[in-house]
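Reading through the structure tokens given below for one structure.
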Amino acid sequence: MNKITIIGSGSVGSTIAYTLTVQGIASEIVMIDINEEKAKGEALDIRQGVPFCTPCSVYAGSYEDAKDSDIVIITSGIARKPGQTRLDLAQTNVNIIKSITPNITKYAPDAIYLFVSNPVDILTYTFCKCSGIPESRILGSGTILDTARLRARLSEYYQINQQNVHAYVLGEHGDSSFVPWSVANISNIPANAYQKAMENTDGMLIPPLNYADVEDYMRKSGGNVIRRKGATFYAVSISVCHIVKCILSGIDTNMTVSTMLNGEYGISDVCLSLLTTVGHKGVVNKLNLPLTESEHAALVHSSECLKEIIKKVQI
Ligand SMILES: NC(=O)C1=CN([C@@H]2O[C@H](COP(=O)(O)OP(=O)(O)OC[C@H]3O[C@@H](n4cnc5c(N)ncnc54)[C@H](O)[C@@H]3O)[C@@H](O)[C@H]2O)C=CC1
Ligand SMILES: CC(=O)C(=O)O
């Protein structure tokens, strides 16, 4: 029996509920929203498709209904508008997190908390500071979405299955994110050697990968989707369901998610994404990747950008 509570039944929250249901990941899903009618409508719409899925009870509820949840996913807040940065949203969404924290922790003190609302690193940090929940049970989806976008791009570039692409985005889920290319590989071939390896095997000629262009594509992906359809919710929901699936499976899995740093790479008191082992009880370990000097500097820069925001918002 896996019980998941989702706070916020907007595009992201309801798509996560739908995806969890279709993938048969949860047996009970509670949907909470300040707009109760919206939560009821979304839950009903999903529930009416359940006869064709693995049995799952999906319903709109109150905080009390979150009792005994294994995982609580937070998607409530104001979505980023075209042209708006994630960080513009910071104070409004910090206030929402502070208002819901006592309500949800009262009923689900033992849950793992998974943040999606933006700015996700700042909200994850806020919850670490004000909830009393152990840091090992608090994570933000962080750069898992950016990592998925990077892998998608590399897979398109090399025309190879995404499963063969092992590359990560670290730091802020935002403008200061970066790719540690020194640890990126395609089927265990370092990213900078893969193009040569392809030429050797089948004579295909493709230009060498332009790292800056790929990172630019990755960082602009969210904005490009929002410009076209007003919001992003499918890729993030699939990414969040991957995290949930890994937690519930009990098999430790490495992924890029946002957690509180306590001295890793010399950085403390900020939440950002590192390659992190996530398991049944939440955060198991943060991997100490052998970053180059410039990659380490990029990570420190990202932490400083986030700390600037933390200084400006009232937590
Ligand atoms: N971390 C990531 O990779 C991504 C994060 N997001 C973020 O997810 C969040 C949600 O996005 P959407 O679902 O598109 O927005 P949305 O506007 O469709 O839904 C937000 C929902 O939160 C609810 N809400 C607001 N205040 C609340 C409160 N105090 N208690 C309970 N519910 C409350 C609203 O009624 C609304 O239904 C945004 O902050 C967005 O920026 C979106 C995509 C990717
Ligand atoms: C909205 C957002 O954070 C994204 O799509 O990356």
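In case you wondered, yes, glycine gets a Cβ from its N, Cα and C as well.
If you draw a 10 Å sphere around the CB of H173 (active site, proton acceptor), it holds 32 other CB atoms from the protein chains shown. The secondary structure of H173 (active site, proton acceptor), as reduced to three states from DSSP, is coil rather than helix or strand. Look at TrEMBL and you will find H173 tagged as active site, proton acceptor.
The NAD(+) binding site annotation in TrEMBL covers 8-13, D33, K38, Y63, N93, S99, 116-118, S141. A C-beta separation below 8 Å, combined with a sequence spacing of at least six in one chain, links S99 (NAD(+) binding site) to none of the other residues.
Among the features that TrEMBL reports, substrate binding site is placed at R80, R86, N118, P119, V120, D121, D146, T147, A148, R149, T232. Taking the Cβ of D146 (substrate binding site) as centre and 10 Å as the limit, one finds 28 other Cβ atoms among all the protein chains shown. DSSP assigns D146 (substrate binding site) to a helical segment in the three-state reduction.
With a 10 A radius on its CB, R151 (beta-D-fructose 1,6-bisphosphate binding site) counts 20 other CB atoms from all the protein chains. Taken from TrEMBL, the feature beta-D-fructose 1,6-bisphosphate binding site covers R151, H166.
Among the features that TrEMBL reports, domain 'Lactate/malate dehydrogenase N-terminal' is placed at 3-140.
TrEMBL lists 143-313 with the feature domain 'Lactate/malate dehydrogenase C-terminal'.
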Practice problem: Compare the C-alpha of N118 (substrate binding site) with the C-alpha of each of the binding-site residues G10, V12, D33, R151, and give the closest one. | Solution: V12
Quiz prompt | Where the C-beta lies under 6 angstroms from ligand 2, the matching binding-site residues among G10, N118, H166, T232 | solution = N118, T232
Quiz prompt | Tally of residues which DSSP labels helix, strand or coil - the domain 'Lactate/malate dehydrogenase N-terminal' (3-140) | solution = 67 helix, 25 strand, 46 coil
Quiz item: Would you say which of the binding-site residues S117, T232 has the most Cβ atoms within 10 Å of its own Cβ?
Solution: S117
Practice problem: Could you tell me which of these binding-site residues, V120, A148, has the fewest other Cβ atoms within 10 Å of its Cβ? | Solution: A148
